[in-house]
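As recorded in TrEMBL, the features of this protein are as follows:
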type	residues	note
BINDING	54, 142, 143, 144	FAD binding site
BINDING	179, 180, 181, 182, 183, 184, 185, 186, 265, 305	NAD(+) binding site
DISULFID	45-50	disulfide bond
DOMAIN	9-320	domain 'FAD/NAD(P)-binding'
DOMAIN	341-475	domain 'Pyridine nucleotide-disulphide oxidoreductase dimerisation'
Ligand SMILES: Cc1cc2nc3c(=O)[nH]c(=O)nc-3n(C[C@H](O)[C@H](O)[C@H](O)COP(=O)(O)OP(=O)(O)OC[C@H]3O[C@@H](n4cnc5c(N)ncnc54)[C@H](O)[C@@H]3O)c2cc1C
Ligand SMILES: NC(=O)c1ccc[n+]([C@@H]2O[C@H](COP(=O)([O-])OP(=O)(O)OC[C@H]3O[C@@H](n4cnc5c(N)ncnc54)[C@H](O)[C@@H]3O)[C@@H](O)[C@H]2O)c1
């Protein structure tokens, strides 16, 4: 007779950002929780994703500053990059965060942590290392893996992915990167700054989801720093062996590199999970869920990267975890809304987006969606009057421009390349694009403003310390509002009247 399965209130499969957040929340609320992890605690973000990539980017930024010091009257120097030491820095950052995600910490909180592969063997029935488990609620948080395209010959070379690149102990001589999404773009610039020759290849355009005007600044900066960017380039085959890796674009020429990073997107982590046995629907995009993140078995949730069509970010994993906790622990309904998820690509300049891009807003408008005004605070030519560039034609969404050059702090830092673009709906921010230094940090107040429905009049009236970059946001709001105030015949009439009666 099969022994009775071990029972708990909640089983969580996967100890990445998503699974860890649910497990810690649930156990601290008093539930009995079993957490199952086949690989490293902390998942992709800690071990092969956000943390090592941002640590590498930080080191690369220092190298870049040394080369770039001449603009400030300081003799620029070509940095001596000790790559193994750079990787020690990356590993030390991971090691510093790891205790927070560790088995010891979770066991200490009261979570039963199993370090093995989990698979469903029936509805709400899981097998782990020979033990059967069941629970009132189950959370699948198995994340994603690199998608490797079926290019002839690719499987014959030792290509890198995000799971292996941070294990390099020597700087690549020439790193070819297939895929110019956030992974490819961030790592292309970082490796270039650390001294590698880099070729970034995309079958379409780089960062294609993002605002093209913003991407143009990123592309320009990367090219200037020496990243060879090959867009609209399809690789027909790859060959290698012991020597260099040769990529053959369809155009017939050859790209030769010492290393190849494949960063062509993600695939959901559902292999060997036995979803069919559990009656849980999934396809190539990931696990199907409703807005409450319930799978086709209502007692089983899916969260984080494994969810079909959900944005793949650590903050989304955390957001999903909160939605499941409310439902599974407190019995309260909660829904995921992905329309206002911020995202930042940590290139230099950084590229930050909240809500729809201008193109998405225009396309929604064409489809008969809501009417949206675009106040493009691009920071036009130095000293330009933003109002002068307001586009009020009726066939397009009105735009106005203001650049980083119009911010005094950006000027003192000589960090003037960039812009803020606001999409406005009924006097409130509807979408925000920021490209430029610290764009990610500059997005935070807009996240708050959009969440709380703050009007642009409030933002433009804020008293912010001078000189700071956040003044850009206030100016951007002002750029939209000032034509209404200063070019308004009604306002002029009222002011003339008041001036006549003022004592
Ligand atoms: C290079 C790179 C840089 C990134 N940078 C950023 C960034 O700057 N900001 C940002 O927000 N996001 C970033 N991301 C995305 C972010 O890493 C992911 O969105 C996040 O890790 C998703 O968390 P998750 O918990 O859903 O999945 P994961 O972190 O993938 O965790 C899933 C876990 O489940 C385990 N698992 C899978 N199957 C099983 C099974 N059957 N049994 C047991 N365990 C299993 C896996 O071993 C893994 O540990 C980056 C990603 C990459 C690759
Ligand atoms: N800063 C961040 O928050 C950050 C950083 C890295 C990754 N991430 C997350 O991880 C996800 C995955 O990132 P990604 O960059 O791998 O994927 P992606 O899907 O965003 O980009 C993949 C790129 O590869 C290109 N491509 C696909 N097939 C190709 C081929 N055969 N040849 C050449 N180019 C090809 C695509 O045109 C696309 O530009 C992101 O969508 C993001 O959610 C986030």
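Note: Cβ is positioned from N, Cα and C throughout, glycine not excepted.
Keep in mind it's a predicted model, so treat the numbers as computed, not measured.
Structure coloured by features recorded in TrEMBL.
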residue: 45; record: disulfide bond; DSSP class: helix
residue: 54; record: FAD binding site; DSSP class: helix
residue: 142; record: FAD binding site; DSSP class: coil
residue: 179; record: NAD(+) binding site; DSSP class: coil
residue: 185; record: NAD(+) binding site; DSSP class: helix
residue: 265; record: NAD(+) binding site; DSSP class: coil
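Each of the binding-site residues 143, 179, 181, 265 was scored by other CB atoms within 10 A of its CB, and the lowest score goes to 265.
Cα spacing between residue 142 (FAD binding site) and residue 45 (disulfide bond): 13 Å, rounded to the nearest whole number. The distance from the Cα of residue 45 (disulfide bond) to the Cα of residue 183 (NAD(+) binding site) comes to 12 Å. In this structure, the binding-site residues that sit close to ligand 2, with a C-beta under 6 angstroms from any of its atoms, are 181, 183, 265, chosen from 54, 143, 181, 183, 185, 265.
Selection of the recorded positions 45, 143, 179, 183, 185, 265 by a Cβ distance under 6 Å from ligand 1 yields, in sequence order, 45, 143, 183. If you compare every pair of Cα atoms in 179, 180, 181, 182, 183, 184, 185, 186, 265, 305, the residues listed for NAD(+), the longest distance is 20 angstrom. Taking every pair among 54, 142, 143, 144, the residues recorded as binding FAD, the greatest CA to CA distance is 23 Å.
Cα to Cα, residue 179 (NAD(+) binding site) and residue 144 (FAD binding site) are separated by 17 Å.
Candidate binding-site residues: 181, 185, 265. Nearest to residue 54 (FAD binding site) by Cα distance: 185. Other C-beta atoms found within 10 angstroms of the C-beta of residue 144 (FAD binding site) number 21, with every protein chain shown included.
Here the Cα atom of residue 181 (NAD(+) binding site) is found 14 Å from that of residue 50 (disulfide bond). The predicted model assigns the domain 'FAD/NAD(P)-binding' (9-320) a mean pLDDT of 97. Burial estimate for the recorded positions (45, 50, 54, 183, 185): highest at 185, by number of other CB atoms within 10 Å.
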